[in-house]
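TrEMBL has this to say about the protein:
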- 1-16: signal peptide (SIGNAL)
- 166-422: domain 'Peptidase S8/S53' (DOMAIN)
- ASP175: active site, charge relay system (ACT_SITE)
- HIS211: active site, charge relay system (ACT_SITE)
- SER383: active site, charge relay system (ACT_SITE)
Amino acid sequence: MIRKALVFALMGLALAAPSTKVEEGLAKTLKSEGAANIFVTFRGGNNEAINQIGTLTFASRPDKVNHLVNNLKSLTESSQKNALSLLKARSSSYRQFWASNELYIKGANAELINSLAALPEVREIRQELIITLEPLVTGGISINEEWNIEKVEATAAWALPGGNNGDGVVVSNIDTGVRSTHEALSGNFRESYGWFDPYDGTNSPSDGNGHGTHTMGILAGAGGIGVAPGAQWVACRGCGDITCTESGLKQCGEWVLCPTLPNGDSPDCSQAPQVVSNSWGGGQGNTFYNDIISAWKAAEIIPVFAIGNGANGGATCGTANSPGDQDVIGVGSTTSADALAESSSAGPSVEGRLKPDLSAPGVLVRSAWGTSDNAYETVTGTSMAAPHVAGAATLLLSRNPNLTYAQVKDLLEGNTDRSLQDTGAECGGIPSTQFPNNQYGNGRINVRKALEAAINA
């Protein structure tokens with residue numbers, strides 16, 4: 001998993017009342033640097049816009065997503081009007097995030113922060129998070145090239161009477177980018193509304209790290225490496241080659257909800273994917289992405305997150321990372337022998353939530369690589385596990401596009417393999433042989449079983 005080093009500056013400077021709204025860590029940065037890039041959140045977040053969607057019926061999913069986005073944008077304008085007046089009077093550099101009802105402000109000083117904190121509608125002011133990419137664990141010899149695809153019985157799912165390989169579904173990832181010209185990925189890249197790069201504004205997909213190409217290959221790659229090779233894929237570059245900024249990740253979150261052209265123009269919410277795979281994260285109990293996730297769910301987009309590589313020697317309890325430890329499908333990692341991967345983070349979450357929700361192959365997994373159009377690499381991490389689950393969700397949606405997030409999650413969790421190796425540890429008082437547990441979750445996914453259950457429902 002692309003993991004952490006969430007850079008929270010720790011704190012110190014005395015801010016004028018009401019300072020309780022200002023994150024403690026912001027003060028030290030202001031004292032030493034004089035200014036900081038900040039996020040301003042507003043009372044109620046995006047709840048009002050999302051709750052209204054639940055009371056209405058729509059003729060189609062595009063209608064629903066369009067209505068949701070319009071509601072979110074309207075709420076953002078009304079919530080932020082006083083804050084915007086302050087910013088415009090100071091010629092501040094800012095960006096409105098309509099999906100989460102937040103303001104991102106570059107180079108905010110203490111005077112501006114005090115003025116914003118004085119507004120009754122402001123809930124919190126904090127420094128932008130920066131997530132540092134964890135070095136990739138590459139190399140090694142797997143038992144066979146596509147053991148992971150065999151283990152989850154993806155090919156058997158494709159061959160079922162009424163089975164499928166993901167056709168008719170659009171999937172996405174938020175990662176370091178994707179090499180779209182790779183032989184395993186070029187055939188099912190959706191070029192129209194298929195790419196966004198909030199860092200460099202590039203017009204076509206690229207990947208200077210390799211991580212995003214690898215995870216997309218597991219999700220939708222051809223040639224036997226992907227769980228859902230019949231799906232079309234799109235991607236947003238949420239991370240640079242070394243770090244992921246909160247502003248970049250949230251721009252990608254909005255783009256997934258309502259894709260634009262690469263230059264950010266001509267949004268078309270009907271182009272929103274149905275599944276989003278995320279192999280990034282860091283810290284614990286951090287809710288910074290929850291409003292984006294809530295908007296995705298309201299738009300019928302299934303969010304899947306890696307749970308993190310925080311364990312040391314396996315089953316280190318209480319190491320689950322955010323956002324995977326939030327109300328999403330959080331995924332842990334297993335070996336070819338159905339043992340828990342040594343580095344796979346375990347629950348419970350700091351809030352006491354059972355995590356991970358599911359496990360999938362994540363050790364010595366071979367997939368596409370970003371160095372050339374026919375390059376492949378064997379990589380280890382929960383980053384590799386998450387797209388297996390995203391691919392499984394894709395097959396379920398191909399069978400029945402009307403499945404809700406809860407129904408997809410239930411099908412995946414209720415049809416796992418549970419003959420997994422005992423770790424000998426108990427996390428949250430639950431041994432690894434009792435399901436669900438805080439090490440394997442509800443078990444290691446079995447795509448065939450889940451799809452068979454959906455077919456027979």
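The count begins at 1 with the first shown residue.
Each residue, glycine too, has its Cβ placed from N, Cα and C.
Automatic, uncurated: that is what TrEMBL annotation is.
Taking the Cα atom of each, HIS211 (active site, charge relay system) and ASP175 (active site, charge relay system) are about 7 angstrom apart. Around SER383 (active site, charge relay system), taking its Cβ as the centre, 32 other Cβ atoms fall within 10 Å, counting all chains.
On a Cα basis, SER383 (active site, charge relay system) lies 10 Å away from ASP175 (active site, charge relay system).
Other C-beta atoms found within 10 angstroms of the C-beta of HIS211 (active site, charge relay system) number 30, with every protein chain shown included. Per-residue pLDDT, averaged across the domain 'Peptidase S8/S53' (166-422), gives 97.
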